[in-house]
Amino acid sequence: MSKRRKLPARQPACLETFSPDVLNDVSELFAKSFSYRKPLDNEWQLPAPTESFSCGHLEFRALLDLKNSLNEVKNLLSDKKLDEWHRHTAFTNKAGKIISHVKKAVNAELCTQAWCKFQEILCSFPLIPQEAFQSGRLNSLHLCEAPGAFIASLNHYLKSHRFPCEWSWVANSLNPYHEANDNLRMITDDRLMANTLHCWYFGPDNTGDIMTLKYLTGLQDFLSGMSPIHLVTADGSFDCQGNPGEQEALVSSLHYCEAVTALITLGDGGSFVLKMFTLFEHCSVNLMYLLNCSFDQVHVFKPATSKAGNSEVYVVCLRYKGREAVQPLLSRMVLNFGTEMTRKALFPHHVIPKSFLERHEECCTFFHRYQLETISENIRLFESMGTGEQERLNNLRDCAVQYFMQKFQLKPLSRNHWLVKKSNIGCSMNTKWFGQRNKYFKTYNERKMMETLSWKDKVAKGYFNSWAEEHTVYHPGQNSLLEGTASSLEYQSWQVLEGKKLPKVKCSPFCDGEILKTLNEAIEKSLGEALSVDAKVSSKQQYRCCPVFSEESVLSELLRLTKCLPDEQGAEPSGPVKCLLVGSPAVCDLQMPAPLEIQLVESVELTAFSCSLLHDGDPAYQHLFLDCLLHSLRRLHRGDVMVLPILSCFTRFMAGLTFVLHGCFRFITFSCPTSLEPLRTCAVLLCIGYQNLPDAVFQFLQNVHDLLSKLLHPSAPRQILQFLPMEALLQGTLLDFLWDLNAAIAKRHLHLIIQGERDQAIGSLEL
């Protein structure tokens, strides 16, 4: 049988092969730029500081008319099936082939839409000040930067053009590892971040939220050794799908905080790139006037690789006049930092010159026309697209690729010039997370419909049945075996990190985000019923649908694993093996054959701890767990085994303690569920083959315990968030183990809560 010959990759056509009308359309795609030409009489000046925040917002009629006309066209999309609409606009996007081509053609690191957009900005404007080239040093700050595409794009630009300067950068983003941050507001892709964490600043509370004054103050300290800052970028936004017509107003406070941060940190002559949306609102007019008074040049630019139908634009500000020029106003702006700034207008109407308003209206009209044309054209093609139009679109997309490459003269970059040459670590968000996040609710419409349903409706419609079904056939722990070595405990780099006390655990790098979100909803909406699930579901029913590992079966598994563990001479252990069993006195009556010698470490509180929205983030639980662990470690000798109950392992703190166990035992696995009671501790860690814990590590954990004791008071505003470097928790097999452990625990809780809800519903119907 002959092998099928692989066809050569299709080579993009030269620009000369495209028709004049196609070339004209594509060149227009790359010409969406507007410049604020300033009057020669220097009329555009900042008003007296006393004028700022002196009155409420009052919209401009002409701009409001533009906003309303745009929203009228957007409203025509409300009856479209959004997943179909997204597929359609992906095809009609004239720049749709550029990203994949660039990735292959120039070997771009983290090549995303943002990478290409920033490359366009870099190649279209002199963002890097001459002072950076003269000094041989470039310093940049990147706000709301995750996953890091602007940084990767800038690296490619500098390295491929061989610019003669040493580059240092600092980045910010909502911290994807902070348990109180909401997944909906974050970019959870950490491919670059996990490998460059020393360059990311998440603030004194470790959340990464730039909309607090504490963050701004902390950032200034963090940047103190990196002066001057030549370039600041701010690419912030958040999900406005629930109210797309008000996107501009919803993100205005974020844009304000980004702009203030830039004006405070940027050096004289520096550049600032700010992502905004439509510029119709009073708050946007004020911000644009502020930027025009603070920089020599301001341009509004829509990259070709920014989807033409959306409102996104980039405000490119060149040659900063310096803090001295804006200092009096800046001081007042800092006092209004955060979400509160939306209450009062930065400037009243009368201080903004008519010449600026006219120019600004021109700008808004310019981009309004392009966006309106694109949406209208997409609607027309959605209703009917013939073969000829499809061919023309394909021609336009091919032409756009060539136009992009020719206009910006991108050059290849070898991998050894990438920021992350070889990724050794990566959060589960990038391995299991991305494979699972859309597994259960595939279409946008389904996800939006889920938001409108009550918890009871979701249960009744069987939305979570797949998890329950997986749980009943799943045998957790059997294939999750962690093999450890003491050499992994490189405690010299360990450091306690404190932060704002967690109100609840909303996200975790060690668990499927959709499962955690659903479990939280179940606890929140169904807590009263959930606590009495055992009264509604008989033990026989629970055992049939959800097998429980008894103490005997857990110890039998422990014995089996112990026999697999060779002693120092390579044979099975011949003498008795001490088994430290942490838990309730009820297990004292268990009769186990040799070689296990059971010793009880009594801790009723640990086994009876109830699950809440804090999960294992509750400082009281963490203190109790660490106390039991330290007490147990004092009694262990080489070769001993231990059974340790665990509530869950969603937090960095508990993941750190699991990492320690991983380092001082030959093997670790788990059993779940081990309890019939809902929302109680239902899993145990089986730790086999103790290998001695270094005294320095034990002392470190003792110090953590002592600090925990001091922070245990309910009124304490802070808690310990982590004590191991995040890099240590993001590598090896630990991530997979924690993912499996947390999935088993969460699905068990969900299963019993859902079972209780169903039985209650059936009982109500019978009545």
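Quick reminder: no glycine exception, Cβ is built from N, Cα and C everywhere.
It should be emphasised that the depicted structure is a prediction, and the values quoted were computed from it without experimental measurement.
In Swiss-Prot this protein carries:
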ACT_SITE  Lys117  active site
ACT_SITE  Asp235  active site
ACT_SITE  Lys275  active site, proton acceptor
BINDING   Gly148, Trp167, Asp235  S-adenosyl-L-methionine binding site
DOMAIN    109-322  domain 'Adrift-type SAM-dependent 2'-O-MTase'
Averaged over the domain 'Adrift-type SAM-dependent 2'-O-MTase' (109-322), what pLDDT does the prediction give?
93
Please give the maximum pairwise Cα distance, in Å and rounded to a whole number, for the S-adenosyl-L-methionine-binding set Gly148, Trp167, Asp235.
20
Spatial neighbours of Trp167 (S-adenosyl-L-methionine binding site) that are distant in sequence (at least 6 apart) but have CB under 8 A:
Arg137, Leu138, Asn139, Ser140, Leu154, Asn155, Leu158
Which residue, out of the active-site residues Lys117, Lys275, shows the minimum number of other Cβ atoms inside 10 Å of its Cβ in this structure?
Lys275
Look up Lys275 (active site, proton acceptor) in the DSSP assignment and report helix, strand or coil.
strand
DSSP secondary structure for Asp235 (active site), reduced to helix/strand/coil, please.
coil
What are the non-local neighbours of Asp235 (active site), defined as same-chain residues 6+ apart in sequence with CB under 8 A from its CB?
Ala114, His142, Leu143, Cys144, Glu145, Phe150, Lys275
Check the DSSP secondary structure of Gly148 (S-adenosyl-L-methionine binding site), expressed as helix, strand or coil.
coil
How many Å lie between the Cα of Lys117 (active site) and the Cα of Gly148 (S-adenosyl-L-methionine binding site)?
13
Over all shown protein chains, what is the count of other CB atoms within 10 A of the CB belonging to Gly148 (S-adenosyl-L-methionine binding site)?
30
